[in-house]
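Summarising the annotation, Swiss-Prot assigns DNA-binding region to 4-23, 48-56. As annotated by Swiss-Prot, hypoxanthine binding site applies to Tyr73, Lys188, Phe219, Asp273. The domain 'HTH lacI-type' feature in Swiss-Prot is assigned to 2-56.
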Amino acid sequence: MATIKDVAKLAGVSTTTVSHVINKTRFVAEETSKTVWNAVQKLNYSPSAVARSLKINTTKSIGMIITTSEAPYFAEIVLAVEEHCYQQGYSLFLCNTQNEPEKIQNHLDMLIKKRVDGILVMCSEYTRNSLELFNATNIPMVVMDWGKAHEKNDRIIDNSFNGAYLATRHLIDNGHKDIGVISGYLTKTICSERLEGFIKAMKEANLPIREEWILEGDFEPESGFEQMNNLLRLDKLPTAIFCFSDTIALGVLSALSEKGIAVPQDISIIGYDNTHSSRFFSPPLTTIHQSKSRLGVKALNLLLERIKLGHKEYQPHTIEFHPELVLRHSVRNLNKSEE
């Protein structure tokens, strides 16, 4: 395997000159530079990435720790981050944790050994232990938190309350008075805020809120499927269901399809997140849009800013998003039915 000394000997220059040409750290005459590159190609010389990173104090790599990249919501954020990393000349190490402290610790250790320039942390929830692990490292880091503000964490404000209010108002405006909910874990801030938005819209319209129609899932299709079947066992069904995620709605649609119940003819469904696949559901899902790509890009830009600052003190940032209603074909207008 060729070394930098071999390149220097063939090009008739010093190893220092070869280093400056390859790393572009100093001006080198065009003719000399061309001679060096010809020698590099002839010898098939490949500089050691580790050696270069030690010399210029950067590996041009980013670590990303997330709950799971399988969930459509996180998958779309990861895609945006990876694409933006590529555009900025960075490689991305992706680490799934399933919110397990041991995995978080192991992934952190691995990223530190890889000498990544920075770490982007984006989990659906944090334990005190995981936050302590993140805060203990000196690597530039952006910790995105959907929950209450923490001293060192950057916060995402997705206005879940407003999004849920918007979704519920859409159902009410389409003549629905009996509305059910299938949520994620209500201990999570985003879910409790969405439930509050639902309740506000219902109370403003003087509509009854039936506790047996408020069911708790876990954001996965399986829980949507299971809770929809639980609803179907009741004597009276709602005319519409507000699902707190598109993945929950997918499970709900599957359960209804198995029972031969048509959407939206027999029951209306509205989702949340506007994941890429929601437009291909049967029927295409009316939902609440959140810009996952914009979130990913903003979070990465924030991290790149931290990397430039080095160890200087910085203030936590807030990234705020405003939900929008996306109209498709899963909600029936009952007002037209009565005309």
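Heads up, the Cβ atoms here are built off N, Cα and C, so glycines get one too.
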Pairwise C-alpha maximum, in angstrom, for the residues (Tyr73, Lys188, Phe219, Asp273) that bind hypoxanthine according to the record:
16
Tell me, how many other CB atoms lie within 10 A of the CB of Phe219 (hypoxanthine binding site), whichever protein chain they belong to?
23
Just to be sure I understand, if DSSP states are collapsed into helix, strand and coil, how many residues of the DNA-binding region (4-23) fall in each?
17 helix, 0 strand, 3 coil
Among the binding-site residues listed here, Tyr73, Lys188, Asp273, which has the most company in the form of other Cβ atoms within 10 Å of its Cβ?
Asp273
Count the residues of the domain 'HTH lacI-type' (2-56) that DSSP assigns to helix (H, G, I), to strand (E, B) and to coil, and report the three numbers in that order.
39 helix, 0 strand, 16 coil
Indicate whether Tyr73 (hypoxanthine binding site) is helix, strand or coil by DSSP.
helix
